[in-house]
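Heads up: the structure comes next, in structure tokens.
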């Protein structure tokens with residue numbers, strides 16, 4: 001039986017990345033743009049029910065995404081409706097308005113978003129009612145704007161209230177340190193992080209700077225556009241969900257993934273990586289061994305987040321290998337990597353790297369691997385954000401845009417101190433040793 005996931009894509013970035021994700025998902029499951037099965041391997045659709053609802057009124061079965069598309073502007077969703085995937089989504093799963101959130105978190109969370117949230121929740125409920133064993137939700141959004149960040153945060157808190165025992169996971173696109181879209185990004189993203197810490201079980205962090213580097217350095221794209229970057233995010237999203245969508249032996253659902261990756265509930269921010277990324281011109285000359293694939297996964301160049309794992313320690317990680325890879329090889333190469341870099345892995349969590357295999361490779365590649373890592377170097381991201389936030393907040397810059405929407409200055413202070421706490425928790429576990437952890441556990445008992 002498929003344990004279903006409801007996908008929610010919020011805001012401009014969420015819907016554009018969502019489109020790339022669904023396109024790749026269709027290709028992997030042998031479905032065409034209208035959701036009709038065109039493949040020849042029954043394994044392709046054995047567990048397609050995780051993300052798709054099957055509709056067979058009369059004639060062949062159509063696979064419809066279990067998805068909700070939300071935006072406070074209608075432009076991106078209209079393009080989705082009239083684009084190649086126009087026949088794919090159910091028309092009643094779109095929710096748009098024309099008010100816009102103007103890159104203002106408070107508009108998305110308090111004013112515009114709060115007026116519309118009930119209508120959005122109705123669509124989500126309808127999708128949930130049509131499932132047999134809902135495992136949880138995944139949200140695709142960016143943290144720098146108004147809709148994905150503000151309305152996305154509001155939606156998460158409502159889902160947490162209404163479905164307290166279901167997994168909430170997000171693919172959250174953080175503002176890039178060097179590529180700024182709007183001046184108030186530091187406010188929007190810190191207010192969102194504050195919400196994600198409390199209302200989410202798994203947050204997979206992605207930032208545009210790291211994506212841009214991969215596109216330029218590795219893929220040799222001269223001036224990458226969002227379409228190129230979204231393609232990279234979709235690769236990782238499909239890779240991460242492999243063990244949910246195809247028969248496999250480990251991390252078969254979101255909760256198991258969470259149990260293996262999140263040792264402390266607040267520290268659920270994960271770094272994704274993918275291998276191999278390579279220049280399409282050189283692909284015919286490349287075939288990586290399993291140990292090369294493994295070391296690429298833990299290499300800064302293959303991370304979709306601009307942080308350096310050498311400055312932190314891995315609490316946990318999950319590696320997913322796709323294609324013809326034997327479990328013996330995969331587990332051996334991960335063990336060797338841990339042995340060689342033992343200082344980068346905490347020693348007080350035994351067996352902290354899980355390995356799962358999927359025999360179905362990504363479309364157009366003989367093999368690939370993806371990893372999700374919970375590393376203390378994630379604090380770099382939050383520090384960077386906090387510093388930019390503090391610079392503006394100290395001068396009370398642009399604060400009137402937020403207080404004008406009914407927000408209290410106290411909320412900014414709370415978000416700041418919650419993020420400071422998060423950073424010091426990461427630091428504490430980075431420096432912890434086996435003895436300290438054992439003492440802590442005994443103390444708690």
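Note: Cβ is positioned from N, Cα and C throughout, glycine not excepted.
Quick look at what Swiss-Prot annotates:
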- 12, 73, 142, 146, 147, 148, 208, 230: GTP binding site (BINDING)
- 73: Mg(2+) binding site (BINDING)
Those binding-site residues listed as 12, 142, 147, 230, and which of them has the most Cβ atoms within 10 Å of its own Cβ: 147
Residue with minimal Cβ packing [other Cβ atoms within 10 Å] among the binding-site residues 146, 148: 146
Residues 12, 73, 142, 146, 147, 148, 208, 230 binding GTP per the record - widest CA separation, whole Å: 22
DSSP state at residue 146 (GTP binding site), helix/strand/coil: coil
DSSP three-state assignment for residue 208 (GTP binding site): helix
Fewest other Cβ within 10 angstroms of its own Cβ, chosen from the binding-site residues 73, 208: 73
